[in-house]
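K.L.:
What TrEMBL lists as active site, charge relay system is B:Lys76, B:Ser151. Residues annotated as active site, acyl-ester intermediate in TrEMBL: B:Ser175. Residues annotated as domain 'Amidase' in TrEMBL: B:22-463.
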Amino acid sequence: MQWETVIGLEIHTQLASKSKIFSGASIAYGAEPNSQACIVDLGFPGVLPVLNEAAVDMALMFGLAVDAEIGSRSVFARKNYFYPDLPKGYQISQFELPIVGRGSLTIDLEDGQQKVIGITRAHLEEDAGKSLHEDFHGMSGIDLNRAGTPLLEIVSEPDMRSIKEAVAYARKIHQLVVYLGICDGNMQEGSFRVDANLSMRPKGQQELGTRTELKNINSFRFLERAMNFERERQIDLLESGKTVVQETRLYDADRDETRSMRSKEEANDYRYFPDPDLLPVEITEQRLAQAGERMPELPDQKKARFVTDYQLSDTDATLLTQSRQQADYYEQVVATGADPKIAANWVTVELAGALNKAGLELTDSPVSAEHLGGLLKRIADNTISGKLAKQVFEAIWQGEGDADTVIEAKGLKQITDSGQIESIIDEIIVANPKQVAQFQAGKEKLLGFFVGQVMKQTQGKANPGQVNQILLKKLKG
Amino acid sequence: MHKKTIVELAAGLKAGEFSSVELTGHFLERIERLDGNINAFITTTAEQALAEAAVADEKLKAGDAGPLTGIPIVQKDIFCTQGVKTSCGSRMLDNFISPYDATVVTKLKQAGVVSLGKANMDEFAMGSSNETSFYGNVHNPWDNERVPGGSSGGSAAAVAARMAAAATGTDTGGSIRQPAALCGITGLKPTYGRISRFGMIAFASSLDQAGPMTATAEDAALMLQAMAGFDPRDSTSADHPVPDYSASLNDSLAGLKIGLPKEYFGEGLDGDVRTSIEAALAVYKGLGAEVVEISLPNSAMAVPTYYVVAPAECSSNLSRFDGARFGYRCDNPKDLEDLYKRSRGEAFGAEVKRRIMIGTYALSAGYYDAYYLKAQKTRHLISDDFKQAFEQVDVIMGPATPAPAFKLGEKTDDPVTMYLNDIYTIAANLAGLPGLSMPVQPVNGLPVGLQLIGNYFAEAKLLNVAHKFQQETGWHRLIPEGLD
């Protein structure tokens, strides 16, 4: 039978606010356990939540970016269940009237086509703490530093029909929230968590099959693997006449498999109701407009502009706008007066390659945009040859100064004085009578030999165009 | 000294007739001597109180004193007090020393009051007789066999027995006004949001409101002045100007329109209580007020609405008491579920469990619409009744309770009868309106409370209306026999 995959994603993005969503405690990652949990986060008797308005503004920016319906009123609700890492015995989340309503996002498919994925909603909520099960002699430890960290949960429609589409959608959401500056996107630290709802149905069938929800996925690679495993597992079940059980399954990256965590029957009745400690959030036109003013240029807009303004190819523009940092870096290089196409090449090939090799992020690049611009300028004005430019780049990378300093210190300045080149060529012609004779007899391939000799003499500094021109003139008489 | 009101005590302190240390010592001595029979205090903080009194005396000497400087009061044990046990009347928090002060506590400290300790109360403020406290019943100072009302029963009894000059209370469905009525003192529940809830252990968040419990309306004005105001730590506190509550106390009542809801004078109201209320109304007529009958047609829905909304909220609010981080933890839990079940099972009393069960049920999938959502709708109807009423009248009056204090144990077996004791007070909480109870002519030696309900933020008006009555009558100055 032909099977069709149906996928919807729930993505938890940790918002990049300074403090928690309902208290003033810091949300910095990696602090000593429980050192960033105040009495509000600990759920002490008598404490009350106060909404961090920055989280609301970030959610609004996301809503605008996915062209979503944004209501004038949004309500926080309590999701009630007992768990040790949930201090109050309820999570403050949203149920009815989420901050961001229905929207959509367009993704690019491999075959060059585009597809619109529906976004059901995005709501604000507080994160829970963490249970630690090691080193406590049969007990569990609780770290509540993360409790109260602001999250925006982005729920998609079950619109994706392949694992590739699902990964493309997740990547695009990731790119978007990082662009917006509302999430640091760090998947290892849990700032961007993807839960996948996956089901199978015979191709052509309208009705959806029974789905499972996959959790504990902390990279795009694992997302793809988890869905692949789950897809195969469900097909095996269905083809052997068994049924898929609706349940939550954990992905185990070490074993590359998904395991049952809890079934629908074991699911909690969360008893959602509006949180009486928090007033409804009123979203005025003015506030929405202010959020719009804070919006940076989005990836798709930026890409289109790069194609138009810099005459770049679609591929180059896509590559350059993959991250906001890279696009900004590129524009800084161009701003120094560099040729946009050459700059694109250096940023996406030479610099990206060097960073990749060194395992560095662009933000940690030892070569600044100004330095790279300075280098490109010296190529453009023939101070150095393209070949030597790589050597200069190396030196800048090593911290030996800007392009001019390196060229000066290493004596790499290109020789463009015709007289000087001419005299070097004269010496070479005198020293190699045999090759000259062969060349003049028609073996023109030997031109390369003479160029090589000139470059050897000048340590590659002679201007290649001039060398060719003068050599031909001299050899051909 | 204990017979004096706050206003009189403040004058005595300022004039140097006695010091705050002497006054505090006097109240501490009365607590020592009388509270064995009343049980109004869960905790007394004698040493701390005397230290606070000494600081107050310094301020008095320096001429740096406000109207509450050096006045000894008691805090209901629902308010978190830093470094002092804050039990909420429950075994669950018997070992809980709060690491912080509630906003109400901070504000009263800033006003210079001396805190004598923490007052007994129904467990987690759930009760109308103070019989659900882990720390035992409070006895009504007017009759040792009777209840003081609840849940602020300890606060009311402490003030009635003059073991403190004033007390703080909280009112979710009548928990200030009902015990004030049964103990013969003045109790004010302000507009919802008038006083910060930060640090006040939550029972039903959308109904809970703190307020003063005092001998007189004049004293209540001073206490409210110190307690009221916007608090950035409570999103539901009102960012609304706080007037000078003492300034308008003596305003004339000529032309005041008093509304009497006919629903508050029907079946179930004790005949003698009705007579006392009518006598009080005659005093108001004498002061130039006009009395008109009004209707609050949805009154009958108040109690059932309340007993869905309040338990629903409390079932969630009390989830944090799980034995994990603070409070009671059962011995040797087998596993996580055992820890939850036994910690909560052993530490919560029967009434708290009953309400958690009711509330959990009302919020459950499949029942939410029929109970919680419907209750929200009837709550709106009740509020609308008042909105219409206040288009016709300035203040609403009626009995605070259907009858005077009942006997200890009389209603403990029948929760519904117990709940009906709050039939006249609950509506003000559902609507978020201010309400005040003050003593009128007693019945068979037991106090009777007249309830005043005002429009939103009309506390100054309620205090004015109450004060004028107290200028004409002496019921508020009565002290139980043997306690003067």
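Glycine is treated like the rest: Cβ placed from N, Cα and C.
Where in this structure would I find these features, and how exposed are they?
P.N.:
Around B:Lys76 (active site, charge relay system), taking its Cβ as the centre, 31 other Cβ atoms fall within 10 Å, counting all chains.
In three-state terms derived from DSSP, B:Ser151 (active site, charge relay system) belongs to neither a helical nor a strand segment and is classed as coil.
Taking all protein chains in view, 37 other C-beta atoms sit within 10 angstroms of the C-beta of B:Ser175 (active site, acyl-ester intermediate).
Averaged across the domain 'Amidase' (B:22-463), pLDDT for the predicted model comes to 97.
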K.L.:
How big is the gap, in Å, between the Cα of B:Ser151 (active site, charge relay system) and that of B:Ser175 (active site, acyl-ester intermediate), rounded to a whole number?
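P.N.:
Approximately 5 Å lies between the Cα of B:Ser151 (active site, charge relay system) and that of B:Ser175 (active site, acyl-ester intermediate).
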K.L.:
Determine the Cβ neighbour count for B:Ser151 (active site, charge relay system): the number of other Cβ atoms within 10 Å of its Cβ.
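P.N.:
By my count, 35.
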K.L.:
Reduce the DSSP letter at B:Lys76 (active site, charge relay system) to three states and note it down.
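P.N.:
Going by the DSSP assignment, B:Lys76 (active site, charge relay system) falls within a strand, counted as strand.
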